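One structure is given below, encoded as structure tokens.
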Amino acid sequence: MDAEQGKHQTEEEVLQGMLSHRFNYAKAHRSSTYHHTFRTKTRWELVRLSLLIVGIECTYATETAFVAPILLAIGLPHTLMTMMWAMPPIVGVLFVPVVASVSDRLRSSWGRRRPVLLLLGIAMLLGMMLLPHGRAIGEAIGLRSVAWVATITTLGLTTTDFSAEASNGLCRTYAMEVCTIRDQARVLSTMMLIGGLGGMLGYLFGAIDWIALPIGQYFESNEAAVFTANWIVLLIGLVSTLTSFAEIPLPVQEQDAMLRPVTHSMLQNEVKRMRGDEYAIQTQLSESIGFRQFVRNTVQMPRSMKILCLTQFLSHMGYLPYCLYFTDFVGAEVFGGDVQAPEHSPAFVLYEEGLRFACWGMALFAGCASLYSLVIERLIDRVGARPVYVGGLMAHCVGMVAMGLLRHRAIVMLCCSLTGIMYTTIYSIPFLLISHYHSKNSFHMKDGKCVESTEPRGFGADVSMMSSVLCLAQLIVSLVMGVLIDVAGTTTVITYVAGGCTLLAALSAMAVLYMGL
């Protein structure tokens with residue numbers, strides 16, 4: 001193609017040419033496992049790539065539904081129970097960004113993300129085995145006190161929760177890196193869809209009275225049966241995702257520019273070159289940054305990233321009280337039960353009924369999150385990311401306040417569906433924005449135009465920031481919420497805290513940099 005013809009090509013035509021050229025090159029010069037990076041993925045391929053998210057969301061669902069009742073049943077008061085939730089975020093804040101930074105620089109022949117995801121997946125599976133069996137393990141090794149049983153249970157919780165949080169961001173990073181830039185929004189929406197189904201599956205596991213079924217005789221408790229079902233789902237998702245697509249190893253990308261995934265900045269550079277721009281420069285591989293640079297990037301974040309992290313932090317401060325304490329709220333306040341009442345007493349039976357009802361509500365929440373993920377991309381295209389972001393947060397805010405004021409079963413169900421809208425919002429738009437910033441290699445605008453960044457930033461490390469702010473939010477909620485519940489004398493306080501924090505998140509979302517998204 002001559003230079004004059006190249007000047008009149010659209011950006012989409014240039015992209016297709018770059019992908020086609022690299023696809024043929026990879027197929028001819030390297031193992032055929034690399035060429036898939038430069039082609040559009042089918043819907044089924046995106047589903048297979050995303051199945052680990054199903055296992056992670058199923059794990060979150062089982063954790064949030066049963067950890068609080070398990071800890072309270074051991075004999076812990078609300079203050080100590082909520083503090084047990086502080087251990088995973090402490091570990092997460094310290095080590096999730098480190099794991100992401102190590103992943104960015106990993107030189108394994110298996111890629112940068114999959115080896116780390118494998119180790120984290122094994123840790124999750126081990127943690128899920130500890131969580132429901134804390135009392136049995138304690139008795140088996142002669143540690144029967146409440147303190148030791150709580151410690152064993154918390155060890156399982158910390159291992160599972162930290163591994164799930166680190167895997168959540170890395171799995172999304174892995175998926176976006178093995179997809180073309182036009183497929184990145186599709187894979188994120190697919191993850192939201194089937195991730196919601198995974199959460200629904202986890203909550204439905206909790207809504208079943210397993211002990212009343214024939215299979216129940218093989219388990220020591222209802223919780224053990226639920227965690228076993230979750231363990232199987234997580235194992236299937238882990239194996240499926242890790243065997244879906246090969247990554248192009250970092251050393252291969254460094255040695256051969258034709259085998260680097262096409263980014264938006266590479267596309268813009270190629271467009272400039274074809275149009276004769278003398279300032280077009282060769283695109284460098286900038287994903288691999290050193291640990292010192294990673295720490296510097298964390299401390300000296302661009303203003304756009306600071307606002308996005310603040311918004312995500314406040315969003316999780318609004319979501320986590322619902323997520324962690326909703327089942328206890330429904331069992332105690334909506335049904336009037338008591339988890340610490342004698343077993344088989346009316347108060348205990350009411351609490352168990354409330355727990356199963358809450359699981360149905362959270363299954364509805366997860367289902368609505370999945371359904372909303374089908375339309376959120378179209379909504380963003382039609383009205384823009386800002387109204388969708390703010391509107392999704394306000395839906396949860398209204399729902400939480402209504403739930404706390406009315407405490408009616410029908411209202412509880414309705415508000416769970418509104419939270420599903422918010423959940424899809426906070427697990428899609430922030431990641432799309434980070435991808436948008438990196439694809440344009442810009443983190444601020446001047447006079448309505450993107451200003452190219454001169455500071456190298458790791459994409460995986462920036463994605464992990466979203467996990468880090470979640471860990472920080474969970475730490476604060478864990479340390480504060482139990483005290484608030486004990487002072488107020490009711491778990492209804494969680495709904496008002498959730499509503500207030502989400503309102504602040506919506507206000508912060510108004511100031512986020514959207515760059516035309």
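Cβ coordinates are placed from backbone N, Cα and C, and glycine is handled just like the others.
Note that TrEMBL annotation is computational and uncurated.
Quantities reported herein were computed from a predicted structural model and do not represent experimental measurements.
According to TrEMBL, the protein has these features:
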type	residues	note
TRANSMEM	49-76	transmembrane segment
TRANSMEM	82-103	transmembrane segment
TRANSMEM	115-134	transmembrane segment
TRANSMEM	146-164	transmembrane segment
TRANSMEM	185-208	transmembrane segment
TRANSMEM	228-250	transmembrane segment
TRANSMEM	307-327	transmembrane segment
TRANSMEM	355-376	transmembrane segment
TRANSMEM	411-434	transmembrane segment
TRANSMEM	469-488	transmembrane segment
TRANSMEM	494-515	transmembrane segment
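Here the transmembrane segment (307-327) touches the transmembrane segment (469-488). Their Cβ atoms form 3 or more pairs under 8 Å, with each pair 6 or more residues apart. By the Cβ criterion (under 8 Å, sequence separation of 6 or more), the transmembrane segment (146-164) is in contact with the transmembrane segment (49-76), since 3+ such pairs are found.
Segment contact is absent for the transmembrane segment (355-376) and the transmembrane segment (82-103), given fewer than three CB pairs below 8 angstroms at sequence separation of 6 or more. Of the recorded ranges 82-103, 115-134, 411-434, 469-488, 494-515, the transmembrane segment (49-76) has the largest number of C-beta contacts under 8 angstroms with 115-134. Beyond the transmembrane segment (185-208), the same-chain residues lying 6 or more positions past its ends with a Cβ under 8 Å from any Cβ of the stretch are 41, 43, 46-47, 49-51, 53-62, 65-66, 171-172, 175-176, 179, 226, 229-230, 233, 237, 355-356, 359-360, 362-363, 365-374, 376-377, 420, 423-424, 427-428, 431-432.
Using a cut-off of 8 Å between Cβ atoms, the transmembrane segment (469-488) and the transmembrane segment (494-515) share at least three residue pairs, counting only pairs 6 or more apart in sequence.
Among the stretches 115-134, 228-250, 411-434, the one making the largest number of Cβ pairs under 8 Å with the transmembrane segment (82-103) is 115-134. Within the chain, the transmembrane segment (411-434) has long-range Cβ neighbours (under 8 A, six or more residues past its boundaries) at 172, 184-185, 188-189, 192, 195-196, 305, 308, 311-312, 315-316, 318-319, 322, 330, 334, 360-362, 364-373, 376, 380, 385, 388-389, 392-393, 395-396, 398-400, 402-403, 459, 462-463, 466, 502, 512-515, 517.
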